[in-house]
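Chemist: Below: one structure in C-alpha cells.
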C-alpha cells in the first residue's frame, strides 16, 4: 500500500514539473538523491562565493549549471546537531541533539558521549525506503557511536566511514583510536589501518570516500532510486589531503583539502553524466556549520564577509555555501535569495520521492521544490540555537540577537577565539549578554558583518522587532523540547570494542563505567 501511495504522489509531482515546463517522460521514476555535506567548510571557501584564489572549478561549474543559495543556513554552529537536523528535518531542540548542562552551551558527540539519535526520530533514509530507495552513507556519521545508534539501524543500507571525527592519534589506553566501519563492523582505526600523517597532512581518506561513492552509484543507477549521503571530513582540523594534492593550493593545507574535495565532486558529477542519469539525480552541496576560524588559515577556512565562525550564532557560524544541481529541471545559472536551511533537505528529498513528512511531529524543514523549479520565494524564519537557548532569529533581511556570546573569558585568555580579529564592541561578548528585553537588530543586506545594530529609536527597528517577536512567540509557544541526548558522558562507552574488533584483534578493555555530566566549556 505504501508503494502505491508513493507512486501516486510521484505522479502528482510530475504534474507539477510539467506545469513548470520541466516535465519528465517515460515511466514515473523518482530521482536519485545525492547530498554532499562538507565539514567546517565556510561560505567564503568557493570561487563562486568570491574566494580569490578560485580553486574550486568543479563546484563553480556546478553553480553555473544549477542554482546558488547565498542565504542558506545550518541548524546549529556545531557538527553533530546540524547533521541530526538534516536527517530529521527538525531543530536540535526537537530531536534531542542539545545539552541542558549549562546555559547556552554547544554540544556534540565525542566518543565518550552516552547519547545519540533517538529511535523515536524518523530519519530520511528510513522514510525513503517507502519509495524504494537504497541508501548509503559515506564518511562521518556523528549521531552516536554506540550500537543502538548505528546508521544501519536508522534506515541506511550501507555505510563506509566513521561514527566520530578523525581526532587522534591516541594511545588505545587512556583513549582508543576512532574506528572506521564497513556496514555493521569496524574494518580498522584512524591512524592505524587508515593513516593520517599530522606532520605532512597526508591521508588517502578522501580518495577512499570518492571510490565508495562511485562504486555505489555504478551499482545502483540502473536498478533502484538511490540516496547517497556523502559526508566527508577532510576540511575539519586536522585537515588532510592525498599526496597528489598536497602543496597544490595557494591557501595552504586547508586549501589542499578543498581542492581534493572539489576534484572528487567533479568526478562524481562526471560519472552521473557518463551513466546518463544526471537528469534523474538531484544533487545538493552544503556544509554542516561555518568555518572554524580558530584553526585558520592553515587548518581552517573562510566565512567571507560574515562575523565570527563555527561555535557561534553569528552569521559566520551558520551561513553556509549551498548549490543545487539537477540538469533539465533546475535552470542553470540561477541565484535564489530564499532563506534556506539544512533541514529543508529532509522535506525536499521526501517531496522528490513523492512522500510527505511524518504528520505526528513538528517539521522545521521546508519543501524547496517551488524555489528550485519555479523560482518562488517563501517567507520563513531562521532560528539560531546554542544548546537549549534561542540566541537569535532572522526574518527577511533583519536578524535579532536575544543573547550574544562568543566564548568565555577563561577560554579566550587561553587562546581560544572563535572571532579572531573581529571584535565588535557590545556584540562579540565574552560574557553571555542578555538582550531579550531590547534585542540587537541588524539589516543583513546592508550589514552582513553584523557590525552596526539598528538604532532602538528608529522606525525600522520597531517594525522589524514587531515582526520577529511575533514569529518567535509562535515558535516558543508551540515548542516541545525533546529529552536532551548530549548531557551524559562516560569513558567506558568509548570505542574500545566496536563490532568486528574480534576478527581484527582490535578489541580493547574499557575502564570502569562512571557516568557523569559532560563538560561543555564553551
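The backbone N, Cα and C atoms fix where each Cβ goes, glycine too.
Note that this is a predicted model, so its numbers are computed, not measured.
Below are the features I grabbed from Swiss-Prot:
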BINDING   39, 40, 79, 288, 289  Ca(2+) binding site
DISULFID  308-419  disulfide bond
DISULFID  489-518  disulfide bond
DISULFID  501-507  disulfide bond
CARBOHYD  204  N-linked glycosylation site
CARBOHYD  423  N-linked glycosylation site
MOD_RES   79  3-oxoalanine (Cys)
REGION    27-379  region 'Catalytic domain'
SIGNAL    1-26  signal peptide
Chemist: Far apart in sequence but close in space: which same-chain residues, 6 or more away, have a Cβ under 8 Å from residue 204 (N-linked glycosylation site)?
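Modeler: Once residues fewer than 6 apart are set aside, residue 204 (N-linked glycosylation site) is near 195, 242, 243.
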Chemist: A 10 Å Cβ contact count, applied to the disulfide-bonded residues 501, 507: which residue has the minimum?
Modeler: 507
Chemist: Other than 39, 40, 79, 288, 289, which residues of the same chain sit close to Ca(2+)? List them in sequence order, counting a residue when its Cβ is within 8 Å of the Cβ centroid of the site.
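Modeler: Those within range, site residues removed, are 38, 41, 74, 78, 82, 233, 236, 287, 310.
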Chemist: Sort the binding-site residues 39, 40, 288, 289 by C-alpha distance from residue 501 (disulfide bond) and give me just the closest.
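Modeler: The smallest Cα gap between residue 501 (disulfide bond) and any of the binding-site residues is with 39.
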Chemist: Restricting attention to the region 'Catalytic domain' (27-379), give the mean pLDDT.
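Modeler: Looking only at the region 'Catalytic domain' (27-379), pLDDT averages out to 98.
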Chemist: If H, G and I count as helix, E and B as strand, and all else as coil, what does DSSP give for residue 489 (disulfide bond)?
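Modeler: SS state of residue 489 (disulfide bond) = strand.
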Chemist: Round to the nearest Å and give the CA-to-CA distance linking residue 40 (Ca(2+) binding site) with residue 308 (disulfide bond).
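Modeler: Roughly 13 Å, rounded to the nearest whole number.
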Chemist: Relative to the Cβ of residue 288 (Ca(2+) binding site), which residues of the same chain, six or more apart in sequence, are found under 8 Å away?
Modeler: 37, 38, 39, 40, 74, 79, 82, 83, 86, 320, 342
Chemist: Determine the most Cβ-crowded residue among the disulfide-bonded residues 308, 518, using a 10 Å radius around each Cβ and all protein chains in the structure.
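Modeler: When each Cβ's neighbours within 10 Å are tallied, 308 tops the list.
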Chemist: Cα of residue 289 (Ca(2+) binding site) to Cα of residue 489 (disulfide bond): how many Å, rounded?
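Modeler: Roughly 23 Å, rounded to the nearest whole number.
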Chemist: Which of 289, 423 has the fewest nearby Cβ atoms, counting only those within 10 Å, among these recorded positions?
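Modeler: So among 289, 423, the recorded positions given, the one with the fewest Cβ atoms within 10 Å is 423.
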Chemist: Just how many other Cβ atoms lie inside 10 Å of the Cβ on residue 40 (Ca(2+) binding site)?
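Modeler: That number is 28.
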Chemist: Would you say which of the recorded positions 79, 419, 489 has the most Cβ atoms within 10 Å of its own Cβ?
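Modeler: Per the Cβ count, the most surrounded site is 79.
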Chemist: Out of 308, 419, 423, 518, the recorded positions in the record, which is closest to residue 507 (disulfide bond) when you go by Cα distance?
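Modeler: Closest by Cα: 518.
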Chemist: List only the single closest residue to residue 308 (disulfide bond), chosen from the recorded positions 423, 489, 518 by CA-CA distance.
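Modeler: For residue 308 (disulfide bond), the closest Cα among 423, 489, 518 is found at 423.
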Chemist: Give the distance between the Cα atoms of residue 419 (disulfide bond) and residue 489 (disulfide bond), rounded to the nearest whole Å.
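Modeler: That comes out at 28 Å between the alpha carbons.
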